[in-house]
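The feature Zn(2+) binding site is assigned by Swiss-Prot to C75, H78, C146.
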Amino acid sequence: MDTKKIEAAVAQIIEAVGEDGSREGLQETPQRIAKMYQEIFAGLGETAEEHLAKSFEIIDNNMVVEKDIFFHSMCEHHFLPFYGKVHIAYVPNGRVAGLSKLARTVEVYAKKPQIQERLTVEIAEALMDYLGAQGALVWVEAEHMCMNMRGVRKPGTATVTTAARGVLATDKDLKNEAYKLMGH
């Protein structure tokens, strides 16, 4: 990540909105924002494969559900945050991921400029591609600051997206069980 370019761009924005970049409260803002972007966009250098590659053999293929994985991301359209919870269900195919690896997979896809719809699909596809799951179902519920602070200005509006793959897309009973276990 080119922090010097970010700092220069932020300094230009400060000036363009009519503020004085030499004012005490703004003097270090370009550096603060560059450092913040390093954190917020840390997923740009990672892959879910590195987290899901280490898995554990199991003797049965009962569904695994991990709920309420908190995340935050940045809307790629307005560079404003969106945040919420991810619920993941998957049907293993002889192997399971460590539970922390599911949360890390969410982080990989959330920590980059993103849209919620793609985030949801990327998580589901990672479970299929890198874990070899028989099926995956991902439910993401989030609040978007671009809906809250600008435009329509509707605070508290929740957006829900889902992605189903494999047996959790084709087997209605299994899909319903997953939704029930997720609390939906």
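In case you wondered, yes, glycine gets a Cβ from its N, Cα and C as well.
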Other same-chain residues whose Cβ falls within 8 Å of the Cβ centroid of C75, H78, C146, the recorded Zn(2+) site, in sequence order: M74, E76, H77, F79, L80, F82, H144, M145, M147, R150
Three-state secondary structure, C75 (Zn(2+) binding site) (per DSSP): strand
Per DSSP, three-state class assigned to C146 (Zn(2+) binding site): helix
Neighbouring C-beta atoms (10 Å sphere around the C-beta of C146 (Zn(2+) binding site)): 16
